[in-house]
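Visitor: Pasting a structure here, questions to come.
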């Protein structure tokens, strides 16, 4: 075990810059933990404290609400948030990911709880963690390219509808509602119990969900979830007892113990190895890994100072696998990265993984101290928080872009969402991936890129002395789609690095992207093209995109490309 700490921390993958250049790995696990981003542990500590506490205030109500939405107890959500989040913070690659209960997994978990009871959640977390370990060994993260943005958005829409429908009884205070598995059955059951509607619960839901939705969009740095949680508790204390359905009415034995470990025998009991449970463990691992890797990339893209982020997707997979195993042994639930809370961590000024550690510790302390208060939380407030989570799972801006530039992916979105609603979220995801690949595979069978190098001389009234540029001409040989865009981008980055290293540092470099052979660019291809443009411009390259008139409709919403078109030719030089 001692030797483990002195093995190279990047044994599972080498960190790279945005342009694909290899970074020097940190030499040991101890250095990785105690020298985050090659800085002392307490470097920029106050910024990490502020960001960690801000996220913790959001994490407390969301962990409770999302656990309930997943069919778990509030205690399971809190324990998962602390343990899974803490382990992933230390062993994962991202400095900013917030790991815990999420809306993306709640539909899958709720379906399992209806069929097998709440006891299935911890074994599912263990199975998901083991699947992720297998994915790490087999490098399955490379196969995630077959999950298009259209499928991801369709899955998000389907999960959002599942969450929203599941919260109708709590939002309206319905009584005697039996658990049902499919959405249509749930709606029929809600309609049957409509006569038991509670006016106080309904009013509290409405006065919470509308302001929470508006304020969290407009002032997203303020932890509105905790504010409205306290407001709901206050209303429960002011109004007569019994006006609202409270958390302690639904969970009378609610208590917290962060060190109550489950035995391995309980987790590997034969009853938890039914083929359907194993299949759902696989699906949870796929969705969890996909969310985490996407969250890491988005977070790193939004950080202004990118020095020594040392990102490795393989190590992120390792950290997520360990976090789910840890969650299983403390009786928690499967966990993954929460995109909104991760974005809040970045925008709150976090510098390194210390902010995540602070957040997990703060959640544990807050919940331990405030547990008597949290027991008085109305279920209508929980429903309002989950409704806002469901709304935020639907990215209306991206759906608009799909509608404008990528009809094939929009079909994938609609089919995936419909399959999630009519069957369940896991089946919907599988159907969506299959349909998406069938619609696009014929256009993305080739990932070849042809490169040429030449010299270019430029003179103008502004620069009377001729300037010599070294030009790298890049010509993709096929459409730029979700299946092949990452491979094409990686190929271009590798050649760019070799090209730059072969030249003296003072040489001006010019990248020309010749799109004459590219027949289609889908939503993911547009993002890849934008990343290629931005990465080279940040390194001081001049970038031109040529012969793309036939793609103008696809590129109309590609911001980096449009920024190039706004520059005058002289300004480029």
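The chain as shown is numbered from 1 upward.
Note: Cβ is positioned from N, Cα and C throughout, glycine not excepted.
Annotated transmembrane segment per TrEMBL: 41-68, 75-93, 113-138, 150-174, 194-215, 222-239, 277-298, 318-339, 351-371, 377-394, 414-439, in sequence order. The annotation domain 'STAS' is assigned in TrEMBL to 471-540.
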Visitor: Are there residues at least six beyond either end of the transmembrane segment (41-68) with Cβ under 8 Å to its Cβ atoms? List them, or say none.
Guide: 34-35, 74-78, 80-81, 85, 98, 100-103, 106, 221, 223, 225-226, 228-229, 247, 333, 338, 341, 344-345, 348-352, 354-360, 362-363, 366-367, 370, 374, 377, 379, 382, 385-386, 389
Visitor: Can you work out which residues elsewhere in the same chain, 6+ from the ends of the transmembrane segment (277-298), have a Cβ less than 8 Å from its Cβ atoms?
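Guide: For the transmembrane segment (277-298), the far contacts come to 92-94, 96-97, 99, 102, 104-105, 108-109, 111-112, 116, 120, 123-124, 127-132, 135, 140-141, 144, 147, 152, 155, 311, 313, 316-317, 320, 324, 334-339, 342-343, 426, 429-430.
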Visitor: I'd like to know if the transmembrane segment (318-339) touches the transmembrane segment (222-239) in this structure, counting it as a touch only when three or more C-beta pairs sit under 8 Å and are separated by 6 or more positions.
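Guide: The transmembrane segment (318-339) and the transmembrane segment (222-239): touching, no.
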Visitor: Sequence-remote contacts (6 or more beyond its ends) of the transmembrane segment (318-339), Cβ cut-off under 8 Å?
Guide: 12, 62, 67, 70, 72, 76-77, 79-81, 83-85, 87-88, 90-94, 97-102, 104-105, 109, 121-126, 128-130, 132-133, 135-136, 258-262, 267, 284, 287-289, 291-292, 294-296, 298
Visitor: Counting Cβ pairs closer than 8 Å, which of 75-93, 150-174, 194-215 has the most of them with the transmembrane segment (351-371)?
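Guide: Comparing 75-93, 150-174, 194-215: 75-93 has the most Cβ pairs near the transmembrane segment (351-371).
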Visitor: Determine which recorded stretch among 75-93, 113-138, 150-174, 194-215 has the most C-beta pairs below 8 angstroms with the transmembrane segment (377-394).
Guide: 150-174
Visitor: Out of 75-93, 113-138, 194-215, which stretch has the largest tally of CB pairs under 8 angstroms to the transmembrane segment (150-174)?
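Guide: By Cβ pairs under 8 Å, 194-215 leads among 75-93, 113-138, 194-215.
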Visitor: Count the residues of the domain 'STAS' (471-540) that DSSP assigns to helix (H, G, I), to strand (E, B) and to coil, and report the three numbers in that order.
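Guide: Secondary-structure composition of the domain 'STAS' (471-540): 33 helix, 15 strand, 22 coil.
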